[in-house]
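Record features, source TrEMBL:
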DOMAIN    22-174  domain 'Casparian strip membrane protein'
TRANSMEM  28-48  transmembrane segment
TRANSMEM  78-102  transmembrane segment
TRANSMEM  114-140  transmembrane segment
TRANSMEM  160-187  transmembrane segment
Amino acid sequence: METESYTNGGVAKEIGVANKQTIRWNDFVLRFLAFVVTLVAAIVLGVSKQNELVPVQLVPTLPPINVPASAKWSHMSAFVYFVIVNAIACAYAVISLVLSLANRGKAKGLSVTIILMDLIMMALLYSSVGAAAAVGLIGYKGNTHVRWNKVCDVFGKFCGQVATAIAISLVGSILFLLLVLFAMLSLHKNRCH
């Protein structure tokens, strides 16, 4: 931490200030991690697909018929939303990384725009995680009230990929939350001095 001296009515004060280089590196690391994490989450769910033979009992007196069934991320709109949001957040993380490195706090309007977009990405990621988790939970437990059977006992690999992608994307959401929090702290420190 660096110190800067200020005089206030003839009295010198030393105030500790955060190293601007450190703040920029924190921003760089968080944005790079957000890029990697959202890319991985989009890929993990985007390539998830499983085919199985499911026994279907048509008549109780006859043996069940094996019917081919597939589970794929594009079959559920919540999973489509999840993949699209993670892809958007991934692209934004790269763009904001380049802009924040080029800006280095010079253009205040650009800094505020980046903070606002970070907040929007965080909200989108949290909403996509919630939507995918809700659908995933129905797949895992089913819903007996509406006679939706659980499917994770049949499509275990697919459900595992969904759960992994959700957990990874949640980390991405937290990274964007940290970006917003650090930006707010930086604005608060700049305003107080």
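In case you wondered, yes, glycine gets a Cβ from its N, Cα and C as well.
Keep in mind it's a predicted model, so treat the numbers as computed, not measured.
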Residues outside the transmembrane segment (78-102) whose C-beta sits under 8 Å from one of its C-beta atoms, at least 6 past its ends, are 24, 27-28, 31-32, 34-35, 38-39, 41-42, 45-46, 110, 114, 117-118, 121, 124-125, 127-129, 131-132, 134-135, 162, 165-166, 169, 172, 176
In terms of Cβ proximity under 8 Å, which residues at least six beyond the ends of the transmembrane segment (114-140) contact it? 34, 38, 45, 76, 78-79, 81-82, 85-86, 88-89, 92-93, 96, 99-100, 103, 148, 150-152, 155, 159, 162-163, 165-166, 169-170, 172-173, 176-177, 179-180, 183-184, 187
